[in-house]
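Engineer: One structure, pasted below without further comment.
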Amino acid sequence: MPVMKGLLAPQNTFLDTIATRFDGTHSNFILANAQMSKGFPIVYCSDGFCELTGFSRTEVMQKSCACKFLYGPETSESIILSIDEALEERKEFKNEIMFYTKTAALFWCLLDIVPIKNEKGDVVLFLASFKDITDTKAKAIQEDKKEGRHKLQVKTGSSFSSTRLRGSTVLYHISGHLHSREKSKIKINKNVFGDPPALPEYKVADAKKSKFILLHYSTFKAGWDWLILLATFYVAVTVPYNVCFIGDDDDLTRSTTVSDIGVEILFIIDIIFNFRTTFVSKSGQVIFDARQICFHYLTTWFIIDLVAALPFDLLYAVKVSVVSVVHLLKTVRLLRLLRLLQKMDRYSQHSTVVLTLLMSMFALLAHWMACIWYIIGKMEMEANAYNWDIGWLHELGKRLESPYAGMADVNTTGGGPAIRSVYIASLYFTLSSLTSVGFGNVSANTDAEKIFSVCIMLIGALMHALVFGNVTAIIQRMYSRWSQYHTRTKDLKDFIRVHHLPQSLKQRMLEYFQTTWSVNNGIDCNELLKDFPDELRSDITMHLNKEILELSLFASASRGCLRSLSLHIKTSFCTPGEYLLRQGDALQAVFFVCSGSMEVLKDGMVLAILGKGDLIGANLSLDNRVIKTNADVKALTYCDLQCINLKGLYEVLDLYPEYSHHFVQDIQQDLTYNLSDCMLSTNRLNEPKCRRLPKIMS
């Protein structure tokens, strides 16, 4: 399946921004519609607001933004007038006011109202924050009793100023406002807050990302992943080979040092890219935030990628005496193969790619088994250096006339076969064991070799089922359409044979089936689109049927009417000699000729010849909906037709009565041939065959 791109449609994240930026102490807020001047109804209220006031969300929704349901006997009339004035003039408001909860409990509230604009600069929402300052007010009253009236004025001013600062900091940080009023009392450190952010807009917007963020589904990332895949396969081949066959041979090791360093560099660069590559969250959203990307990568694949990218070849710079130690350390890079399983979806978009990957994995497994097979023979020889001559390495040396003289000859060019010959023999044995039962020219002689051979055969049986079973399934998918065609053809022939249809009817059935299959490749559009939502399906059908919908007949139809009508348009096909309609048939549809030519016959006389762009039907009446045709319509060539089902057409006309009268009148003018009165529409005789309205399909 293709790589998952995630949910990328432009979204309006205004509400999410408000909800996430408010903390627990400032979560009492409402949003109101600023475009409806009558009361400015509330469109959203937070849970904190419901807890503060005691009203449920259903009781609050659609009530006035002025929150008149919170007013009481001691609510200041002047402040109420100020609130109404601020709302009418779409300006900001901030003041202290006495409200009442649902249970008539009085509380002091710091009310902040901020207008929210859209991308056009129009005020569309009011954001109102409610800060409960009852405790602060009570403390101020107690201090007044102790210290006197004069100090009360100073205290309350200072106390409420600090409350305003705390209550408005979050609200105005969200709304993009940090006002300069009361500058003598409130001083804001610009080094802390920085420049005021822009006013948030209530609009649908594309997800924003830094230009240094890579899209996980981009073409560059796909190409880079393929490069890393090749580097991973290089590591999977060379590391086991170097560990088993090269060993401490420093000269052979140095020959691959440059390529190994190149692979290490690629892995390090890949780690850097992964820190800047988007990913799809569990909810399906594409994450563009750099901090979330880093945290996600650190908690998933970072450790494996880091270990695989460690530059072990730098150990050569310190002149490591035991080269095999470096090769053993490099085996941790095989963990990189786990990443292949993670990205299998991307690599398996095409059948040929899947086939290549499966065969490559099979060959890689055989390569690993060959390395282990050689190690077993080598360890057997080292354990019995001077009295052992029945191992597979000894047998190979005898056949190649390069026998091993002793332990010292192992891995040397002076005794025994060359490393190249030994590796080829090992690979030959493992491949023959994985794919069959071997041929015996390279065989297991010792107990250890026989046990390993049994393991290879078991693994081979599993791999044979896995790899070649998938290969069979892939090939079947590649030829599934062709197989379906032959199955349908066989079913058709069996049907004809069972019911003893005459030869002429048989020929017509087969010709129609083969022709329609060549046109649509066996795809039933109606069956394919039935699971899509009506909105998407209507857009698709409008595109597929735009040729007929561009007729002037539908000029006065609304877009909603056209969308509903498009769902009732079907595609039909006629072969030469086939009758589309017979005289006396009940008319079931209005037909539009997309290609080909047809003739209208009555009593063997040709009344009209119709071609591309012609409309065939009858005068329609909203009262008498049964129409009998008075002529035959026969295909002269292969014809593609679009037909509007009359039953569906009447349903749409009933839903749009304002258009139905226009349609009944206009169809008389647009019909090329009227089957209800058996005469050519005189209005179309001297007009082009198809009158279109350009660009109605927006």
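Glycine too: its Cβ is placed from the backbone N, Cα and C atoms.
As annotated in TrEMBL:
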- 38-90: domain 'PAS' (DOMAIN)
- 93-145: domain 'PAC' (DOMAIN)
- 223-241: transmembrane segment (TRANSMEM)
- 261-281: transmembrane segment (TRANSMEM)
- 316-332: transmembrane segment (TRANSMEM)
- 353-376: transmembrane segment (TRANSMEM)
- 451-475: transmembrane segment (TRANSMEM)
- 553-670: domain 'Cyclic nucleotide-binding' (DOMAIN)
Engineer: Give residue numbers and ranges for long-range contacts of the transmembrane segment (353-376): same chain, 6 or more residues beyond its ends, CB-CB under 8 A.
Structural biologist: 233, 236-237, 240-241, 243-245, 347, 392-393, 422-423, 426-427, 429-431, 433-434, 448-449, 452, 456, 459, 463, 467, 470-471, 474
Engineer: Excluding the flanking five residues on each side, which residues at least 6 beyond the ends of the transmembrane segment (261-281) place their CB within less than 8 Å of a CB in that stretch?
Structural biologist: 4-6, 209, 212-216, 221, 224, 227-228, 231, 234-235, 287-288, 290, 293-294, 296-297, 301-302, 305-306, 308-313, 333, 336
Engineer: Count the residues of the domain 'PAS' (38-90) that DSSP assigns to helix (H, G, I), to strand (E, B) and to coil, and report the three numbers in that order.
Structural biologist: 26 helix, 6 strand, 21 coil
Engineer: For the domain 'Cyclic nucleotide-binding' (553-670), jot down how many residues DSSP puts in helix, in strand and in coil.
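Structural biologist: So the domain 'Cyclic nucleotide-binding' (553-670) is made up of 34 helix, 43 strand, 41 coil.
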Engineer: What average pLDDT is reported by the model for the domain 'Cyclic nucleotide-binding' (553-670)?
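Structural biologist: When the pLDDT values over the domain 'Cyclic nucleotide-binding' (553-670) are averaged, the result is 85.
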